[in-house]
Structures are given as structure tokens and as C-alpha cells.
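Asker: Below, the features straight out of Swiss-Prot:
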type    : residues                                                       : note
DOMAIN  : 499-658                                                        : domain 'Helicase ATP-binding'
BINDING : GLY512, ASP513, VAL514, GLY515, PHE516, GLY517, LYS518, THR519 : ATP binding site
MOTIF   : 611-614                                                        : motif 'DEEH box'
DOMAIN  : 679-835                                                        : domain 'Helicase C-terminal'
Amino acid sequence: MIQSSLYRALNKGFDYQILACKDFKESELAKEVISYFKPNIKAVLFPELRAKKNDDLRSFFEEFLQLLGGLREFYQALENKQETIIIAPISALLHPLPKKELLESFKITLLEKYNLKDLKDKLFYYGYEILDLVEVEGEASFRGDIVDIYIPNSKAYRLSFFDAECESIKELDPATQMSLKEDLLEIEIPPTLFSLDEPSYKDLKTKVEQSPLNSFSKDLTSFGLWFLGEKANDLLGVYQSIISPRALEEIQELASLNELDDERFKFLKVLENAQGYEDLEIHVHALEGFIALHSNRKITLLAPNKTILDNSISVLDAGNMECVIAPFVLNFKTPDRIFISLNSFERKKKRQKSKLALNELNAGEWVVHDDYGVGVFSQLIQHSVLGSKRDFLEIAYLGEDKLLLPVENLHLIARYVVQSDSVPVKDRLGKGSFLKLKAKVRAKLLEIAGKIIELAAERNLILGKKMDTHLAELEIFKSHAGFEYTSDQEKAIAEISRDLSSHRVMDRLLSGDVGFGKTEVAMHAIFCAFLNGFQSALVVPTTLLAHQHFETLKARFENFGVKVARLDRYIKTSEKSKLLKAVELGLVDVLIGTHAILGTKFKNLGLMVVDEEHKFGVKQKEALKELSKSVHFLSMSATPIPRTLNMALSQIKGISSLKTPPTDRKPSRTFLKEKNDELLKEIIYRELRRNGQIFYIHNHIASISKVKTKLEDLIPKLKIAILHSQINANESEEIMLEFAKGNYQVLLCTSIVESGIHLPNANTIIIDNAQNFGLADLHQLRGRVGRGKKEGFCYFLIEDQKSLNEQALKRLLALEKNSYLGSGESIAYHDLEIRGGGNLLGQDQSGHIKNIGYALYTRMLEDAIYELSGGKKRLEKSVEIQLGVSAFLNPELIASDSLRLDLYRRLSLCENVDEVGQIHEEIEDRFGKMDDLSAQFLQIITLKILANQLGILKLSNFNQNITLTYSDEKKESLKAPSKDDNDILETLLKHLHAQISLKRR
């Protein structure tokens, strides 16, 4: 009732500076009322901050930054004598917040002089994290005379200094690390946390460090807020405040759980509800009927544009109607007026770049070389070759063997990520065994790719059942989803509709993480088939998935007359024969089931949807192929497909990918804690209080029963199920089914349950001994919770903080602070590496993947598909550079090894000269003017690309004499003006460019 009550209060006289609401949704609705009816009042919206006193705020970092930004806006408006109000979820107002003096900003102005050391110190005391690379809010970096700053709740900027003078201020794109062209005159820099100087910073730091709080990072980011003392205010006590009835209920509930003392809220004025004032929820299809019923009141209809207005309603000229083109969301009625909005809230998605650098090469990690196999990357090292200095990667192989890989050939190696249950073994140099293994894998891949292409060609000749995909009922079906489709879902639906309405049978793969909306897309296709008079089959590998899909489809199709039935091992024999008869007679529209479906006779089957096809056995797959030969075929998979493989596969089948999480899905809240009994009880009770379920990951079968006993001692009557690899498949499925039904509260398992299973009620995951898991493992585990509308909680538990090395601690802290969802393909890709992804194409290849590594395997598979389908084959970049030229990215220009390594990798992957030019621009933008050694390395990369295009295998020189060796063993000689590095490179570049020009003619 927030909108109608607030509208009434505004009309009676309203002089409050804070409105406390139940949650963010209610706050958003309240802000719309104030912004529309009182545009002169500055309304500042706070986020939710569901942190309890003394919680580690790293887990709430993004919301905390937004809250501080909103508070600073409020203080500035007050200072400017502007009428202003904070509209906030009650959770953001429960704790004292910083006074104005702690949120002061400072300015940097073009052409003014600054001491860079003082600036660095100031940013540090203001809470900025000083790093090599600026990627997310609250970070800064100093590289010589170039300073990057990412201001919280704002943008990133790049400042260039010359002799202490600020020479340029430009906006920075953190995704590309490039600055934008336009120069700015000035920027204002607020604190990330608090505007402190050295003494006040040290004072607060001491208070935090001496506190008894349990955390891995006792710093100001984690706990500074709780120790501000007199420098913080209870906003509700200081400013005129009013609270919504639902916010008051929230406070009373928290008080009943002993989570806060409600005494201090009793003095607050409560926003009154009144008779005749009511918030509305009207569906667009019921709009005209509603308007006709209320002809006695003045109705204001708001819409984003005239087109939507005209398409939504035909009675715009009624005497009591007023139409307003405005973006506000207002839906309420009063005794004499009604406001209805055709607008919806736009969720501003931040373009988050994952801070979890999963593709980064780190010393000590396993790598696989295209020709020499599996080894360990030891270090980035400089060596003298032919009297010139060059950078190399040192890779350790079996025995004491070492390979020095020139950095321009970094494309020849990839990270070798093994599944958690296997131990990698180094290859031996010089035996040629790895090349033999590769040849074996290639032969198998050509066979697999051949079968796929043959099947695709066969299907392409079959005429499909053409369907009308533009029916009005499909739009009505979409509008009843109860949520907005993501752009990826819209695109996938359009692609499937195009297939269904063509004359060919559809063969499409729909891939996307669990909870990203694959089933909704499939249901749209099933409903389309139903409207066109066809039956559909949904085939799944497990009874649990059949049960889940049956419940989902039954509920979704309830109001649309679609008859849904299920066939699995739980259906009684007597019922089964009746069901099969009904399917044959066409009395069932959608049949859902396991492989039991495969022998079923349908009256008019038009669409077959298969979920997690790669989990079926060989015989079942053959039966699937037979049944689906002449019908539209949609395969769904939660296994992510790397982008390049996706491109190769799209030559032979349709591929749709869902990469965007639903708009209302939040990232899981992550906590890193030292394990103790009290903490375990608190975590479990917190989830049970909201009637949820818990995953408890304990990756050791031998001691899993002891963990169960301990949990039962801590919380008697706790219903716990155990699941691990030694329990047989049927029993495992039984346990999962019982857990999905809610008959267990905790699932105690060695690793997480199957990826394709959606368990929206399990929203807390506890990971025992988190230090023993890899980064991508942990991110994948965390992604298993928070998939419904409830927020997910993830706890990384460590037995003993002192036993952690610095690297492990850094890795875990990075995960705690960065909860971004689906942080790009790198997570999906590594997820696949961890899970094996062995039967991505329907035949188990996990043995081959284990031997040669996932990256090399997918690259070889792409090549096999291109080769057999007549596509463009990848150019091999195997030019050998034996030039006596010093060329490397100079550490004086780029001090960080990891940044240099990243640039080396990207340069080695360049396919054309333009890409090298772009990286050249980027280096100068990020690090300053390029020196000769660095520029010469980029020229070496350019030479490699040109030589590759001309079929040259080797470039070498002796003094000023240069030799070019071609693939047909032909040799060509050139003479440079001198043996200077510059002359050698210039002579070669000039000659190769001329050769390319001749070739193009």
C-alpha cells in the first residue's frame, strides 16, 4: 500500500527527510510517487544492506559502496539547501552511518600540479585499493606518470602527469583498459570508504585490529563501519523520519528473532493506510475491463511512448481518461483518482568484469604445449640469444628437462586444468610420444565430426512440419511468465521460431546455466507446437529431472489447456498402458519422461526436446535419433560451450546460448570464516528460519559420517542426507528426489549434485576446508545457490587461518569480495574443464581430454569440424624467429610480470597486423610512450603474422645478412644496411609488406 498511502501523506503535508520501507522493491515504488508528484524534492534511494552488526562488510561490498554514495548525495543536497529525502529499505538504516565529515571529496584539475606520492597516500587513506590494474569500483593504479582511478558509483578515469602537472584527464573503459578520446577539465574524487588522513586512518585501523572479531581480513573494508564511534549517526534519530507499516512488521520480526532491539524504533511515525486508498496490480489484458468498471473516477494512464499506449488500449478518448508519456511506475487508486502505468522498472545491469583471473598463467601451474605435452610453468625468464636479449617461458618436464618457449609463441600453450579426482603427470621431452597421442585423438575426432556432419546433412534433406509462430496466443503465454524475459531468451525464442516456421526440420542446441531460463524457452516452443496441433516429447536422463520438469510444465500450462503427462519408473504398470494409449490417441499434448518414452507411439509428434542429452547411454542415443528423425529437435544443456567451438558447431547445427542471468537473480553472498561450532549452528539456523535447505560439501568420503554425527549433535532433529560417488545411481536419485521434495534439510555430499538439477529451495552452501579447492571449483560450487528469488549464502570454512599461505588467502578473499554472476565465459569454460565435458558431442571423450587438456582438445575438434564441413581452417602460426634482435616488453615500462605475460599472450594470438596496432595503442595509453625494446617486440609479432601469410617457416640473420626459409624449403636472402636491430627489422618489414601487396594483386 506504499504508493497510495504516500500519495495521501504528500497531499496532507509532508516534511520528512527519511522514509523507511520494508525492502528495495517498496523503496523503489515510494521513490516513483515522490519523483512524479514532488519533482522539486531530491529523492535519494538506498540499497538493501542485510548485514548484522559486526558482520564482515566485504561480503556486502557493492551495496555498502552504493549506500555511502547515496548518503553523500543526501549530505550535499542538505548543504545546498535543497529539499531532500532518503528512501531506504529498513535494513540500510539499522546501524549508525558515517557523518558528513567522513564523506568529503577532493578535486583534480587539468594543468594543476600534484605530488603523486601524496596523491597515492590520500587515495589509500580514502579506502582505494592500489593495484596493477583497475577493473572494479574503489581501485586505483599508479604506473609511472599514469594514474587510473575507478570512482565508486561512477566511472573510471585515466590521469596523465608530466613533471607533476596534470596533463590530461580522460574517461577509462575498464573492460578494454583504453581511455576515451575526450579530455575533461576536472574530476571530483569521493572516498571509497571514509575521507581519512594518516592519523585518523591509523587510529581506526588500530581499533579494528584490536577488536575480538573473527575474520581473515581485519581491515577497514571489513569492519571500519562498526568502529566509527562518534563519527557515525543513527539517521532515524537525527533526521525527521517516517516508517511504512510493512517496514515496522520487518522490525518486529527481527526483534522476535533476537536480531535487534525494537525499542529505538517505537518513537517513529508510521505512514497510515486509509480506506479507499489502495495499490493496484493490473494485467495489461484486464486493463480495458478495469477502466470500464471505474468510469466514475479520473484515470491517469502513464506509458513510455505513444506506440505502447496505442497498442495497449482502445478507449483512450474516454472523458475520464488522461494519458501521460512519462517513465514513472505508478499503480494505485484513491477515492476519486486512479493511476495506472504501462512502464516497468529498468534494472540497470552493471557491466561487471570478473576479478577472478581464471585464464591467467601463474608460476607453478600446469600447462600443455601443442607439441611437447604436459609440463609445469616455472617462470618468465630473460635469456641472451645470438647476443640479444629475449623473454622466455620456462616449462619443466619429466626429469630435469626444461623447455624455453619464446614469448611470441605463447599461443602454443594453454592452462591444463584437471578434474579434481585426477593427478596430472608431466610428459618427457624428446620422445615424440605426445605427437603420437595427438594423432590418435585427431583420428577419433575426425570420426566423431564426420558422424555429426553426416547426420546434419541427412536431417537437412527432410521436410519439416511447418508451424505458424506468429499466433497472438504465444504473446499471451509470454505475458503470463511472471517475469521479464532476458534479451538472450528473446533471441533464442526468435531463432527457434524461425526454425519451426521454415520447411526444414529444426536441429538446435540450447545451452545455458541452471536457472537462466532454458525451460521457459522450451515451453514456448512446446506451446507453439500445441497451437499448431502437434504433440511434444520432453526426454530427460533421470527420474528426478522428469519429476521437476513435470511439475514446472503442469503449473505453467495450467491455464492454457495443454495436457501434460509423465512416464518414468514410478508410474504403475496399469497406469502406464492407459497413458501410452492416450498418447497414441492424441489425448496427451506433452509427454515428459526418461528413456522409457523412446518406444512410445505418438499420434502426431511435432517436437522433441531433450535435456542433458550427453548423459544418455549409446543405445538410448540411437533410439533418440530414430524417434526424432523427422520431427523438430531441440536439445538443452547446462554444459557451457566455449565461444570458438560454438562457432565451429554452428556450421552444422543451430546453437542458441543463454548467458544472461534473470533480472531478479542476485549474486550469492560469500563469507570466508574460520570454522567453529557456534558459527555452524548460526549458518544452519539462518537458512532453516527462512524454510530453506543447505548443501554441506565435505570432500572426503572416509570422514563424511563423522561430519553427519557432529551436525546431529549440534542441532538434534536435523534431517541430513549423505551423497557420494560410492552410493549407486538409483539410491542417489532416490536421495535427490527426497531432498528436492523437502524431506531433508541438509544434503551432505563430497561434491555438488548434478549440474542440470534446479533446487530453488537450497540457498546456503557450506564448503568445508575451502583452501583445498581450486578457484574455479569454488566459484562453480557457489553458483549452485541463490538460483531462485531468494538470496544465496556461501560459506568458505577453513580449519586454521594460520595454515593458509598468502596466495591461498588472496584467492579466497577475492572470491569473498567478488560475487558477480556468471562472470563471463572464463568461468563457464573452467566449469567445463573441471566437470570434464567429456561427452559434449555425444561420445565420451574424457580419456582424450585428460591426456591432452581441454583447451587443445576443443581446438582440435574445431579444426576437424572445419576440415570436414569445408569451412575456413585456422592458420598455423608456426614461424620460427632466429633473429639477433633484442625485443621484449620492457619491465621499466610494464613493471608487473602478470600484466606483461597477459600482453605477451594476447600478442601471440594476434591474427592480423591491425590487432597488433590496437595493442600498441593500448600499451601507450596504459603505460606511456613505448621504448625501443618494447616496440621491437611488437615488430617481431608483425613479422610473424606477415611471414605466416606468405608460407615462410623461419626468419634468421647473421650480422646484416637475413635468410627467409619457405615451407617448400626454398630460401631467400636479404641484406640490411647494417646489423643494428632497427635496420634488420625495417628491412624485413619492408620486404614482407611488398610481398603481401604483390600477392594481393
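Backbone N, Cα and C atoms are what each Cβ position is placed from, and that goes for glycine too.
What's the neighbourhood like for these features in this structure?
Answerer: Averaged across the domain 'Helicase ATP-binding' (499-658), pLDDT in this predicted model comes to 85.
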Asker: Excluding GLY512, ASP513, VAL514, GLY515, PHE516, GLY517, LYS518, THR519 themselves, which residues in that chain have a Cβ inside 8 Å of the centre of the Cβ atoms defining the ATP site?
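Answerer: Along the chain, the qualifying residues are ALA638, LEU658, HIS758.
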Asker: Among the binding-site residues GLY512, ASP513, VAL514, LYS518, THR519, which residue has the fewest other Cβ atoms within 10 Å of its own Cβ?
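Answerer: Fewest other Cβ atoms within 10 Å, among the binding-site residues GLY512, ASP513, VAL514, LYS518, THR519, is found for VAL514.
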Asker: Within 10 Å of the Cβ of PHE516 (ATP binding site), how many other Cβ atoms can you find? Include all protein chains, please.
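Answerer: Taking all protein chains shown, PHE516 (ATP binding site) has 24 Cβ neighbours within 10 Å.
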Asker: Around the Cβ of GLY517 (ATP binding site), how many other Cβ atoms lie within 10 Å? Please give the count over every shown protein chain.
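Answerer: If we count other Cβ atoms within 10 Å of GLY517 (ATP binding site), we arrive at 23.
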Asker: If you count Cβ atoms within 10 Å of the Cβ of GLY515 (ATP binding site), leaving out that atom itself, what do you get?
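Answerer: Its Cβ shell of radius 10 Å holds 21 other Cβ atoms.
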